[in-house]
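Student: Pasting the feature list from Swiss-Prot:
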BINDING   Asn6, Arg17, Gly191, Gly212, His213  3-amino-2-oxopropyl phosphate binding site
BINDING   Asp8, His9, Arg44, His49, Thr99  1-deoxy-D-xylulose 5-phosphate binding site
ACT_SITE  His42  active site, proton acceptor
ACT_SITE  Glu69  active site, proton acceptor
SITE      Glu150  site 'Transition state stabilizer'
ACT_SITE  His190  active site, proton donor
Amino acid sequence: MRLAVNIDHIATLRNARNEGHPDPVEAALLAEKHGAAGIVCHLREDRRHIKDDDLARLREEITTKLDLEMAMTDEMQKIALSVRPDLVTLVPEKREELTTEGGFAIQKHFTRLTEFVKPLRDKEIGVSVFIEPEEEAIELAAEAGANIVEFHTGTYSLCTSDKQTAYELERIRNSARIAREMGLTVVAGHGLSVLNIAPFKELHDIEEVSIGHAIISRAVFIGLPAAIQEILDLIRR
C-alpha cells in the first residue's frame, strides 16, 4: 500500500506568521525522500494554506506524483490545465469549514462533473473524486469519466466502538472491491492516523492512503521522517 502525504498544514504553520518558513515544498521533498509515493495539496478558493506559487513550485520540484485537491470551479480547472498535476482530486468545499467534511455530492452534480472531467482527462490528467464509500457514488464517478476514487474515511476515523469500526471497515472493503471491479484505482483518506490505519493493510483493493494532518501534527514532536515511517510500518504489505 502506498502513502501520499498532504503538506497543507506545513503551509498553515508558515502562514501563521506570513513569512517563508516552514516551506511546504521543502517538506514535500523530505517526504519523498523518506518514502512518500506522492504529494497532496489542496488549493482552496480562499488560499488559506497552499498558495498558487506553492503549487507551481511543487510541480517543478517533486519527483513522485502531484495530487491537486480542488473544488469543481472554472478557476480551479483552468489552474489544473495550466499546472498539469499528475491527478486532481475533486472535493466539496465550504469557506466556513476547517477541513473537508464529507464526500462529494456526486448525484447532485453529476452533469456538471461529467463536463468538468473531460478536458482534464483529455490532457492526460488523472481525475479522482472524493466520495463516500457507496456503490451508487462509485458507479457515477466511473460514468463521469473519473479513473480514481478516494473514499472519505472520516466516519471510520470517528468510530467509538468495535462494532462501529467493524461495520465501517466492511463498508469500505466492499466498496473498494466494487470500485476495483469497475477498473478504478482506489484511495482512502481523511482522519487516518497511527491510531486507526493498521486495518487498512488488509484491504487489498485499496492501493493508497492519503494522510496529512496526522503526520504533520506528529512531526512537530518526532520529526517528519519519523512520522512518515510510523505510517509506512503499519501499511506495508
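Residue numbering: from 1, along the chain as shown.
Cβ coordinates are placed from backbone N, Cα and C, and glycine is handled just like the others.
How about a rundown of where these features are and what they're close to?
Tutor: Arg17 (3-amino-2-oxopropyl phosphate binding site) falls outside any helix or strand according to DSSP and counts as coil.
Reduced to three states, the DSSP call for His9 (1-deoxy-D-xylulose 5-phosphate binding site) is helix.
The DSSP secondary structure for His42 (active site, proton acceptor) is strand.
DSSP assigns Glu69 (active site, proton acceptor) to a strand.
All protein chains included, Glu150 (site 'Transition state stabilizer') registers 32 other Cβ atoms within 10 Å of its own Cβ.
In the three-state DSSP reading, His190 (active site, proton donor) counts as coil.
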Student: In which DSSP state, out of helix, strand and coil, do we find Glu150 (site 'Transition state stabilizer')?
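Tutor: For Glu150 (site 'Transition state stabilizer') - judged by DSSP and reduced to three states - the answer is strand.
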Student: Checking your reading of the structure: which of the recorded positions Arg17, His42, Arg44, Glu150, His213 lie inside a 10 Å Cα sphere centred on Glu69 (active site, proton acceptor)?
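Tutor: Checking Cα-Cα distances against Glu69 (active site, proton acceptor), the recorded positions within 10 Å turn out to be His42, Arg44.
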Student: Counting across all protein chains shown, how many other Cβ atoms sit within 10 Å of the Cβ of Glu69 (active site, proton acceptor)?
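Tutor: The answer is 27.
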Student: Please report the distance from the Cα of His9 (1-deoxy-D-xylulose 5-phosphate binding site) to the Cα of His213 (3-amino-2-oxopropyl phosphate binding site), rounded to the nearest angstrom.
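Tutor: Taking the Cα atoms only, His9 (1-deoxy-D-xylulose 5-phosphate binding site) lies 7 Å from His213 (3-amino-2-oxopropyl phosphate binding site).
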Student: Just checking a number: largest C-alpha distance across Asn6, Arg17, Gly191, Gly212, His213 for the 3-amino-2-oxopropyl phosphate site, rounded to a whole Å.
Tutor: 26
